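Heads up, the thing below is written out as structure tokens.
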Amino acid sequence: MEENKRLVKVPTMAEMAANGEEPEVLFWVGCAGSFDDRYKRVTRAFVQILEHVGVKYAVLGTEESCTGEPAKRAGNEFLFQMQAITNIEVLNAYNIKKIVTACPHCFNTLKNEYPDLGGNYEVIHHSTFLQQLINEGKVKVQGGEAFKGQRITFHDSCYLGRANDIYEAPRDVLAALDADLVEMKRSRANGLCCGAGGAQMFKEPEPGNKDINIERTEEALATLGTGNGVIATACPFCMVMMSDGVKNKEQEESVKVFDIAELIAQAEGLSK
Amino acid sequence: MIQLENIIFLIVAGLGIGLFVWQIRKIRKNVLMGRDVDLTDNPSERINKTLLVAFGQQKMFKRMLPAVLHLFVYVGFLVINIEVIEILIDGVFGTHRVLAFLGPLYSGLMFINEVLAALVIVACVIFLWRRNVTKLPRLASGVEMRAWPKLDANFILITEIVLMFALFTFNIAGLKLVQLEGGEVAGSYPISQMFVNIFGDNPASLHIIERAGWWFHIIGILAFMNYLPSSKHFHIIMAFPNVYYSKLWPKGKFTTNPAITHEIKAMLDPSYQPPAPEMDAEGNPIIQRFGAKDVEDLTWKQLMDSYTCTECGRCTSVCPANLTGKLLSPRKIVMDTRDRMEEKGEHPAIFAPNHYKELGVERVETTDEKTLLRGYITPEELWACTTCNACVESCPVNIDQLSTIMDLRRYLVLEESAAPASVNAMFTNIENNGAPWAFSPSDRFNWAEDLYVPSKN
């Protein structure tokens, strides 16, 4: 049987506004989700889920710009505020109420740091959003790839976990896969950073005896044990760092790094 | 009956307490070198947090063994202090065990007191063991663990053991005396009862031993109290206000500098009128540095943090940078802040042990600049931070190490433009392309091309 599929036309805010419409939720794609080849797949998987459940969403498209997060963590408060104030003008002009994003760094900044500069929105991370879709029965996690019995370990993102106390949402999402979830020793509030936060993503590490992502990958691999397994992430920077770590350990054949949205899209039969 | 002994006691206690107050005033002055920040909102939430984290030791219990041992010492400290109140009253008025009228309550109190005193000795011995024999890395190593911090920790533990022995000495001698006189014992002393005969049965010598133990205990306490401001042990006081004034908002929210907001708004909109700058006492506008170069650029809360630190090293032991051999140690950031504060302010303490430098090669290449930045904390340390908040999460007394790291980083970037070249390239990319990488903004929406979903029917 030939698979029926349709081409997705991702709606932009500019089009919606021109038609006098307002979306339920704005999907803030983020720079990694827009430009990084690996993370674009996460963006696409998340859009497939949005399309699948029929949420009225929109993106800013080329009107989106960096939240300023990396600049702020690097100490460049001036550049951060320039970005933030400009973005807030755009968001407020479109009368945005609710934002969902797959990037914990964008999430944290939009949610916690934009209000002081006049940007007040309900901001949720895609892990919470997916958790809600699953709880409401809109995503049934069936019809696609089966994850039953698959060993999956979730790597906590600092900006989702410690920064915002979101530990259960991504785990609830993974639990819906009926997989064999295993926890690393350092997890939840005690999770170990992937090494990319605080603008480390954009610089070489300071002198030391090991790279942080290697330390973390070793822990993940030890937790998964031998055989096939998945390291699940919910952050573009963690995705890069853990993928690099797995490559460094020459385990990319047996251990895959996936974002939770990709896993759900696969389980739902939305993407391959 | 008031005798010479009571008058001497009154003088000793007065001097001890007076000296302590004098020291506290100096520390207060040092902390107030910091910038002002209003942290008086939500008192009920703050009280809850103080009850849980400070009184309830909540965050200690991330590590069970030290948490339980520390609980013995902490509860011992609280309960034994009730006996100290009695000692003060007895000392001033020449009474003996004045609280004995409490009857069964007093018995229970003395019973618990003795058990706790024994547990304090056990805990302190294990703590000494962990520091000096098994050399737990977070307690025994790290560039900031120079001679003084190590000596300080051992001194505290030994002093606590000695004070507990003094307590037992006067309890045992007093108990034996009462038994010899055939009187009724006020209170219940399970441990002392076991050793009741070790000082013999000569009433005269027993009386001297009892008095000597009593005097040693109370003078020891007064001396120890005055040692606190020079020591990491000061946390027994500072933990409470420090937790009360700690961050109530999500850890991911970093501070926003309103001065910069006004500048940007004025830049974007020429008609924008920024508020008049704050004036100092002489009517000159206060020019605030962007970020922190020295202790006065930090807030009083950040300075209070460093007086609260007990150098336990939990922060450093979970820091991803430190774990992988980088120079950064969050504990050092906090200890350096205190050292610098005491160098710049008056010495708050009787002596200034924090300047007790040790010989030896340090990887930390500080300069001779008399500032916190570079004089104590190097850019290499600051640039190793991933802002992951593990240090903040781990701290049992809610110190915010990360906020100090960030303020120092901000100074490097905003006042000195001294970011690493690749970080500067990232800034340029954001300015020019609206993304931290060198991609064209017109390509931002390309991800949406050729995207399919299964049709529903």
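Any Cβ shown, glycine's included, is placed from N, Cα and C.
Annotated features, as they stand in TrEMBL:
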- B:300-330: domain '4Fe-4S ferredoxin-type' (DOMAIN)
- B:373-405: domain '4Fe-4S ferredoxin-type' (DOMAIN)
- B:6-24: transmembrane segment (TRANSMEM)
- B:67-89: transmembrane segment (TRANSMEM)
- B:109-130: transmembrane segment (TRANSMEM)
- B:151-173: transmembrane segment (TRANSMEM)
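Per-residue pLDDT, averaged over the domain '4Fe-4S ferredoxin-type' (B:373-405), rounds to 97. Residue counts for the domain '4Fe-4S ferredoxin-type' (B:373-405) by DSSP state, with H, G and I taken as helix and E and B as strand, are 18 helix, 1 strand, 14 coil. Within the domain '4Fe-4S ferredoxin-type' (B:300-330), the DSSP-based counts of helix, strand and coil residues read 19 helix, 0 strand, 12 coil.
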